[in-house]
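**Student:** Below are the C-alpha cells for one structure; questions will follow.
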Amino acid sequence: CRSPTMDFSFSFMQGIMGNTIHPLPLPLPSQHHLSQTPHIMTHTLPPPPPLHLPSSSPPPSLVDSTPSSQPSHALSNTPGGVLKKTSSPEIKLKIIKTYQNGKELFESALCGDLLQELQVMHAFIQETGFCKEFVIGDLVWSKVGTYPWWPCMVSSDPQMKVHTRINTRGKRNLEYHVQFFGSVAERAWIHEKRIVMYQGKQQFDELQCETLRKATNPVEKHKLLKPIPQRERSQWEVGVGHAEDAFVMTKQERIDNYTFIYVDPDPNEATASKKLSVRAEKRNRRSSGSIGKKEDGGVKSPDREHEISDACKPLKKRSRASTDVEMASSQYRDTSDSDSRGLNDPQVRLENTQGLVVCEGDCSRQFHSECLGLTSLPEGRFTCLECRNGNHPCFSCKTVGQEGQEVTRCSVLGCGCYYHEDCVRKLPGTTSSPDGGFCCPQHSCSTCCLERDLQRATKGRLMRCIRCPLAYHTGDSCVAAGSVILTHHIMICSSHGSAKRNGLLTSPINVGWCFLCARGGKLLCCDSCPASFHPECLEIEMPEGAWSCSDCRAGKKPHYKQIVWVKLGNYRWWPAEICNPRLVPSNIQSLRHDVGDFPVFFFGSHDYYWINQGRVFPYVENDKNFVTGQININKTFKKALEEAARRFQELKAQRESREALEQERNSRKPPPYKLIKSNKPVGKVQVHVADLSEIPRCNCRPADEHPCSLDSQCLNRMLQYECHPQVCPAGDSCENQCFSKRLYAETEVMKTDGRGWGLTTNQALRKGDFVTEYVGEVIDSEECQQRIKRAHENHVTNFYMLTLTKDRVIDAGPKGNSARFMNHSCSPNCETQKWTVNGDVRIGLFTLYDIEAGTELTFNYNLHCVGNRRTSCHCGSDNCSGFLGVQPTSAVVMEKEEKARNAKLKPKKRKLRPEGKHTHEYFCFCCGEGGELVMCDRKDCPKAYHLLCLNLTKPPYGRWECPWHDCSVCGAAASSLCDFCPRSFCQDHEAGALTASSLEGRPCCSSHNPLSPLDADSSSTQLRHSALSTVGIKEEPETGQQAAE
C-alpha cells in the first residue's frame, strides 16, 4: 500500500496546469553556425503584474473562530480547506480533495497511516541521527522533475505539523516540506538532494548548467534542452520576485508574511461547485489566476479565492497545442488594426482556446461564453447572432453581403467561411467543386499552389489563418516566415504584422538597382518588398499610387531555411538565413518583435536579429560572383559570402534530394481514381436499352466450331453489333459477347519512359482481338464544357474524354478502368470502335495487328484541340506529327519528302512567279537571313521563317499560320502587329505595347528604337527569338493523357 504522505509530492505540477517548463535549445544546428551558450532566462520580458494588491488590514480568517485548544494550523474535518496568508501579498489556497488509490484520504489531521508514519519518522531520526539542514522559514531552490529550479520556502506540513520526514519507500532519505513562490500557491515534499539554499536570482544559471552536466540519460537531456514556455517563464519571474522580496526579510518575517494558513471553505460554495459540469470546472480552474472583476477604485476584493487542486493525481502529459497558444499570446505583440472580424470577435481571442462554445449553425465558429456575455454555458443548441440573422460577412473583404452582393458559403463540409463571388474568384488557390460551387483557399496550401504543385496542395495537414483565407502545410517548408503558430491547425499568417512603429507608417527598404537589368536610374519600387524595376523593363508606364510587384501580388513569402539578403541599419546588404524562432537562442526569442517578423542568422558575424519581409529579398546562386567584383570588401563580408554560397548549395542539395524522394514515392503508383466496371450516367444522360425485338439476329448456328467469332461470317460482328444471349441462335456458345461478359485481355499498368503511365499486355494478341472497353462517366455536352472550364481554372492539363455520340461524352478522369492509361501514338497498335450493346453505344479497343506479350498498348487519340494551343507528342514513332491531333505523316508523304531531299542535290531551274500571285519574302522574318524558308499559309501574309527559328525539325503538315498572328503574351488572336519583328498583341495586351516609328509611322514594339527601328542589335534579335518561344516543343506531363475524338 502506498504511503499517504505521497499525496502531495507533485502538487506543484497541478498548479502549473499540466504544462512543462523546459530550458531553451541551443542555436541552429547548422554546420556553419557557431555554438553558443543557451540563455535559460532573460530580463527582457515585462515584469509580471502583482499577484494581489496590498490591503490595509489583514483579510478576515476563519481560523480566528476556531477554539484556542486547537493548533493554529490545524485542518478541519471537512474534506477540503482554504489557504490564506496573514499579510500582503495575499495568497489563498483551497484544498479540494486528497486521494490515495482513487479514494478520499484524510478525515482528520493525524489519523491512520499518517500517525504511524510520523512515529516511524521520529524513531528513524533518533536511531540514525539525521541532521535537519533546513528549518522553517529558510529560502531554498527546489527541483521537481524536468521543471527548472524554483524558489521555495521551507514550511510545516499542515497535516503532520513537521517540515521534515523520512521517505520510507526504498532507501530511507530525508525530505523537506516546501511551499513554492509564484502566481499559484503550491506545496510539495522534496528530496534533500534536490534542495539548495537560496542565495539570489543569479544562482539559477549555475544550477541549471549543473543539472544539465550531471544528466546521463539522453532523453532527460533532450527534455532539459527544450524551450521554456513563455507562460511558465512568467510564473517563474513572479516566484523569483517574491523570493527576492523575502530574501531581505528575517526568518520570522518570512514566516509571518508567506506561511499558508488552512481554513474551512464555505459550505455553500462547495455545494454549488458540485453542480458544475466537468467543462465548467475546468474553465474555472483555468481562469482562477486571471484578473478578477474590478470593484471600488479598481481594488480587488480580498475575499476572492483561487481554487487549486492539491490532490495527488497522475500527471497528464500537457497538450502541445495549448502550450503553443500560451507562448504565442505572450511572446508576440499584436498591435495591428483589426482587419477582420478577428480580434473584435470572441472566437479568436488568443489568451484561451479551451472552454469554447461552438456555434451549431453554418459558420461553425467558436466563442468564449464570457465574451458573449453569458454567465454559464448555454444549454441545448447554440447559434451565433450571424447565423440566426443569416447575415454573414465575406471572409476576404470583411464586408457584409448586401443586395446584389450576396455571400456564398464554401462547399467543403465543415467550412463556415462565406465569400463574395467576385472576391473568392480572385484569390489564388480557389478551386471549383463538382456541384457548381467553390472550394476556398483555406483548403489548399498557398505555397504549393504558387509552385504549381496542385496534387500536393490539397493533401496533408493544413494550418489555416484565422484572419484571412490563407493556409499552409504544417512544417517549415511551406509556412511563411513570420507566421504565428497558435495550434497544430490554427495560425496568424505573416501578412497581419504591425502596420505602425512609433506612430509612423513603415515602408520597405528598396534596392537601388533594377531586378531585371541590374542598372540604376528611375525605378519603380514595390510597396511590400525591396524589389525595384525600370518601368520600361516591365513594359509598363509609371503607375500612380501604391504598387506591388508580381511576386507580392501572387502572395509569395519568405520561408524558413531560405538564404536572403538583409538590410539592417547603415550596414550594407548582408547575406543571412531565415531561422525558425524555436531554434534560435533564448535571448533572441525574448527580443521584442511583432507578427510578421522572423529571426535571421547573419553569415560571417554569426549574429541574430528580428526582421520583416520589407528588408529581405532572395539570394540566388550567382549573387556571390556579382558582389565579389566590388572593391571595398572587408574580411567579415568576404567570409559571409563564402558561408552563404556554401549554405545555399547545402540547402539546394537537400531540397533536390527531398523532391527526388517525393517524386519517386509518387511514381510508385498511378494517380488515384475510382475503378468502375461499366459506364455510369451523370445528370440528364440516360442509358438506352433496346427491346429484344429490335436487336438484330445473326445467321450463326450452334453446331459451328466457333460461332460468332472473329473468323466466322457473323453478320452482327461485321456491323459491330454485339449478339444478345436470348436472341443469338448460338446461345451460350456465342463468342460475340465480349462487352457483356467483360472478356478483357490480361493487361497491366506500367510506368513508361517520358510518357507517364501506360498499359501493357501480358498475353499475345491476334489482329482484331478485343482488348478492353473504355469505361467512365457518361456526360452530356454541357457538363463536358463545364468540366473543361473547371479543369482550366484548377490548372489541370490531363483529360480522359472520348466522344460517344453527338451529345454524349465518356469522361474516365474521376471514374474509369485501366483503359484510361493507354497512351497516344502516331503509329498505334490498337484502335477504338463503337459497338452497339443491347441498344446502347459503347467504345471498345481492338488490336490492329498481332501483338506480343509485354508490348505497350496505344491508340491514336485524334485529339480535338480547344483553342490555339497544341499538346506535343512524345510517342517516338517515325511518322510522329509532333503534336496531338495533327494527322501523322503517311507513307506516301514520307516517300515524297525523301524525293524532295534527294532533289535538293540537283540544280533546279527557278520559275518566275506571275504578277498578281501571292508572293512571300525571301528572308526570314525572325533573323533576317535567307535560306530554306517555311512560308505562312494565311492570306496576304508574306512572312517566311527558318525551321530552326521556329524550333521545328521538319516542315509543318497541312495549312500553317505563322506566330505573327498570335499574341506574344497569351497566344490569342492578335490585333496589333509589329512591322519589324514577329511580336504581336491582342486587344487585352495592346495598350502601350506599340509605338509609331520614324519610318512612315509604321508600328514598332519596345524592342526597337522608334527613331531607327531597322538598326539590328543583340537585344532586338534576342527579343525576336523570345517572341517565338511559345512555338517550342512542350514536354508532356507524366501522369495521364488527353483524349477526345
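Residue numbering: from 1, along the chain as shown.
Here the Cβ of each residue, glycine as well, is placed from N, Cα and C on the backbone.
Keep in mind that TrEMBL annotations are predicted by a computer and have not been checked by a curator.
Just lifted these from TrEMBL, have a look:
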- 27-85: region 'Disordered' (REGION)
- 45-61: compositional bias 'Pro residues' (COMPBIAS)
- 70-85: compositional bias 'Polar residues' (COMPBIAS)
- 136-200: domain 'PWWP' (DOMAIN)
- 272-347: region 'Disordered' (REGION)
- 292-310: compositional bias 'Basic and acidic residues' (COMPBIAS)
- 511-555: domain 'PHD-type' (DOMAIN)
- 560-622: domain 'PWWP' (DOMAIN)
- 655-667: compositional bias 'Basic and acidic residues' (COMPBIAS)
- 655-676: region 'Disordered' (REGION)
- 693-743: domain 'AWS' (DOMAIN)
- 745-862: domain 'SET' (DOMAIN)
- 869-885: domain 'Post-SET' (DOMAIN)
- 921-968: domain 'PHD-type' (DOMAIN)
- 1013-1045: region 'Disordered' (REGION)
- 1017-1029: compositional bias 'Polar residues' (COMPBIAS)
**Student:** Could you put numbers on the helix, strand and coil content of the compositional bias 'Basic and acidic residues' (655-667), residue by residue per DSSP?
**Tutor:** 12 helix, 0 strand, 1 coil
**Student:** What are the helix, strand and coil residue counts for the domain 'AWS' (693-743) according to DSSP?
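**Tutor:** For the domain 'AWS' (693-743), the helix, strand and coil counts are 13 helix, 1 strand, 37 coil.
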**Student:** Restricting to the domain 'PWWP' (136-200), report the mean pLDDT as a whole number.
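**Tutor:** Looking only at the domain 'PWWP' (136-200), pLDDT averages out to 85.
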**Student:** Where DSSP helix means H, G or I and strand means E or B, what are the helix, strand and coil counts for the domain 'PHD-type' (511-555)?
**Tutor:** 5 helix, 4 strand, 36 coil
**Student:** Going by DSSP assignments with H, G and I as helix and E and B as strand, what are the residue counts for the domain 'SET' (745-862)?
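**Tutor:** For the domain 'SET' (745-862), the helix, strand and coil counts are 17 helix, 55 strand, 46 coil.
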**Student:** With DSSP as the reference, give the number of residues of the domain 'PWWP' (136-200) in helix, strand and coil.
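**Tutor:** Per DSSP, the residues of the domain 'PWWP' (136-200) fall into 3 helix, 30 strand, 32 coil.
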